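Here is what TrEMBL says about this protein:
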SIGNAL    1-20  signal peptide
DOMAIN    53-118  domain 'Cadherin'
DOMAIN    119-230  domain 'Cadherin'
DOMAIN    231-335  domain 'Cadherin'
DOMAIN    340-442  domain 'Cadherin'
DOMAIN    443-557  domain 'Cadherin'
DOMAIN    558-664  domain 'Cadherin'
DOMAIN    665-768  domain 'Cadherin'
DOMAIN    770-872  domain 'Cadherin'
DOMAIN    873-1074  domain 'Cadherin'
DOMAIN    1075-1177  domain 'Cadherin'
């Protein structure tokens, strides 16, 4: 209450204070910014600081409802989210305690937050098809609550095909909507098109622009501009003279009018109709008989028909109609037939020649003897034809060759028709007699039969059957015999021991002696079939007897492993790979069926399927690499009809497409920079990510042109923003920049990053480093106290003496120190390249005269020295190998790790003794293989020394001892794996039951024997936890038994005679986590160089780039900065508790994985007080000396 009373008292003195100096302060703020956004400072226009302000507005005014005004500091911030459309300006008066008046005007800047909107969703217009060009149709324009450049800038018709028909004209109104007209550009024709649908779009001037649309339908109104049109110019019809009056129509005329409604309705009438013999239906156009017809009186009638529409001014057209009257005939012709065969019967020999007469036919008609009669033959399949001898006499002849075996009876119809269409018909049944003209015909020209080679003698091989199409009797009686021949490969009767015989009556071929496939795999001979005709006719058939082999061969794939690349989003059903397997057995057992298998049973894959007959692997549904797996492993099975099968492994790499654009996170950045900063100073770093990989995921950055963008430059590879020009001429200002991101495929981010750079002005220029970045290098074996290099800064007077230096961040291990006066950097502790290969220090310099610090970065590279030798996991090992192991088999993989980098960490392997070339090792990968057979060796044990050496100078090495025990061959079948060591990598994101790798074992004494009886199992090593895998007992496929976690377990081994090493690959599935949700730091006020405020720390369970962290300051870049690598928070401007006692900043940490994951935290910074202000009276009287009396218990004081 006391403070309120004092405030009211001082407000009453405002008229007196108004005698002081008056300042004008104009500020602006964008609408839509969150509450708490700082708009400006009342003290910015004052010549000297003020400790308090009084506001002229009452507490319930719009100013205090929408704005927060700190009466102590003069900081104006938003209390709510401002809306320019609700209120676009705030004005009030503020007064200081020393009498200055400040007229404040805050303008709310418009942003493009409203889209244009039409009053209606659609318009329906009616336009006559006779409308002239340029006709205009008024439409209500759109409204946009934004103003200026964000208001409506134009209209367009979205459909390009409408540009030939319509155009738009519009004029901007003062306050109301635009005047919008739709202008006709071409003549309309309703008969061609009766309606036009178009979409009109109104757009504003935002970036990107907002728009609104309205649907417009233009209905074309019909006019009577088309006369009826007949579909024929002339109509002709015929009608019998005995047709009934008013019966069925004689003919129908039709006329169409393209107009609509009454304009298109057509009526008919007869114009020329002598005697009114006919009448017409006015609606249908059907012409009927009105009076009886008389052929003898008038055989032809001519009519004129008028078609007229029903428009206001009717249009009409005419057509001609001709009607012929037909005479009536009531007698049919008569047919007489005489057959010319020897017996007089209706018969003909199949040997008859073309043209031979079969019968004589005569016709007669009592009606119209002068009118000719038409005679036709139907039926007979074209074998017979008529030959006219005179007007009424015909001969039936053979038209083509006859074949009794093809057809022995024909039905022939003879039809006679007079000129009046009266007809008679006579049906003849002609029999075809037989001659011996058919050869015996086997059912097949070639008989092929396959039989097992061990069939007993007398077994039936094949049944031959021939047919003779002649009439039953001697002409069709058939006998069989094997044709005698001495040609190579033929079975003949002169062979001492014939192998096959044929029954003469039945044609059954049987085995006579034993058959041997190894001597002759195929028998080939001819069988002849002869009939009993005179002379006899015969034909032959070829018989091939193939001796079958047993089914003892499994299918074999052309490749044991297929590697294929497939582009994501490949068309569904498209095929991208064909696997091929072959079977050495006969074709009966070599037809293979392909299927997908999980190692246990046939299965269906959700993304792929295989064509069973061809082995083509095809896409079943859309594949998206960015949300699914990048690789797929399939097991393909090929099975022959006998049940034998083989499997192959298909590895599919999904190729990335450029289907994702870069995205900024965050989208807005803020930073502050001193107005005295020198060109080359680093401002901040923007970050954009792209969900694609490879070239398509590589992001480059571009600074978009703006008013003051020329003052800055951007590293397009790193996103680091640098200063290129001096800022001292700008004073205290803010610069807005926009940065776009583009990937390697050319896609650009949909929204640019918005960067706000606040320029901090100070009266005294700070000391400035000579360079914005220093680079030094020294060896990791440098002794403590070794000089690294020196940094130099110059104060505004050009002197070095008054400048002091301090390491603000970047050295969490405390390896370095800087001399505060000379700027010389030296080491404090021993360095280790393996722990940290480089250090990026942030150094500050300051002077006593300026409250602003300058910052530079020092990049110190710690060069590696060869101080680490390669290290094996253990010093020795023992293994066993069968004496029958074939050369080239992988026996062991040696692996040593060297912590050094470059050539110092590159490991090469060699054998100290190859045991006379028995063993060999790969120098790069350490793979030990058997180089020659062990069958002739007597040694049972080999001791090998594997040397792992680096490529440093001098080289360091380590020796590994491997003992190889040779197991002798046993007299029974033993099992051996194809290789003793299997190694595979699998991502931690792979699901349970995913196939990992297939191991194979074979019987050592029978390398080609079936391995279907082999059983696989996993034996866990002693003392180790069970591996997260299971193995199929028959196929040898290793499967995931549970989900993997790289952070919990990075490698596992399962041993089943051979060793399977499964390396779990990391995926970016863990977001960074700060050590605290909220951080609290305290820093003293004042100009003294403090540098480090505190450190925020985050951890990420992932590895590699997935666990590499970068820190980013999201707010309050005016006073503070954060080290992107270490998380050290520093202040670079002197703090004043009396102006700002507490700061709250937000820090984001992001990893470098794909996609990037991030986390944010809040940091509260309390500025502690120092005694840096003298007491002063808030008000002094005109006389500086005054005596006042206080309470009677106190003394009088002289002021």
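Quick reminder: no glycine exception, Cβ is built from N, Cα and C everywhere.
Secondary structure of the domain 'Cadherin' (53-118), assigned with DSSP and counted as helix (H, G, I), strand (E, B) and coil, comes to 5 helix, 28 strand, 33 coil. Contact counts against the domain 'Cadherin' (665-768), taken as Cβ pairs under 8 Å, peak for 1075-1177 among the stretches 53-118, 119-230, 340-442, 1075-1177.
Summed and averaged per residue, pLDDT over the domain 'Cadherin' (770-872) gives 84. Under DSSP, the residues of the domain 'Cadherin' (558-664) split into helix, strand and coil as follows: 4 helix, 48 strand, 55 coil. Break the domain 'Cadherin' (340-442) down by DSSP state and the numbers are 3 helix, 52 strand, 48 coil. Sorting each residue of the domain 'Cadherin' (443-557) by its DSSP state yields 3 helix, 47 strand, 65 coil. Broken down with DSSP, the domain 'Cadherin' (770-872) shows 0 helix, 47 strand, 56 coil.
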